[in-house]
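The next block holds one structure in the form of structure tokens; read it before the comments.
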Amino acid sequence: MDALKQTKFDDKNLIPAIVQDFKTGDILMFAWMNQESLALTIEKQQAVYYSRSRKKLWFKGEQSGHTQLIKEIFTDCDNDVILLRVDQVGGIACHTGRKSCFFQQLDKNNWKTVANVLKNPKDIYE
């Protein structure tokens, strides 16, 4: 696959992936991908990441049902960052039950929660 050959993975064979809601433009999350997860994402048109903590592929929504259907894939000018524009199934991207993982905003010198939990994580990951 030419796209994989042109993509610049780091010394750990990883590349950062920014995930954006296709309809609203909201940034939903950040994750890591390796060559296998990027190839699977392209093939299946559904987001697959690489979990650094578990050291294995992470099929987004596998447990929660909150899958990410790929609408567009971009890379930056250096081919070392991926942008996935997705349809977020269920409207929840974050394991905390929020739409986005970016729900804390700097307010003076403290982080302030600015987005509500849409669904209790206990109800998502039973």
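Even glycines carry a Cβ here, placed using N, Cα and C.
So that you can see what the record holds, here are the features copied from Swiss-Prot:
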type	residues	note
BINDING	D76, D78, D80	Mg(2+) binding site
BINDING	C77, C94, C101	Zn(2+) binding site
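Sorting the binding-site residues D78, D80 by the number of other Cβ atoms within 10 Å puts D80 first. Using a 10 angstroms CA-CA radius around C94 (Zn(2+) binding site), none of the binding-site residues in D76, D78, D80 qualify. In this structure the C-alpha atoms belonging to D78 (Mg(2+) binding site) and C101 (Zn(2+) binding site) are separated by 25 Å. DSSP gives D80 (Mg(2+) binding site) a coil state; it is part of no helix or strand. The two recorded residues D76 (Mg(2+) binding site) and C101 (Zn(2+) binding site) have their Cα atoms spaced 22 Å from each other.
Looking at D80 (Mg(2+) binding site) and C101 (Zn(2+) binding site), their Cα atoms lie 22 Å from each other. C77 (Zn(2+) binding site) counts 6 other C-beta atoms within 10 Å of its own C-beta, drawing on all protein chains shown.
Each of K8, T75, C77, N79, V81 belongs to the same chain as D76, D78, D80, is absent from that list, and has a C-beta within 8 angstroms of the C-beta centroid marking the Mg(2+) site.
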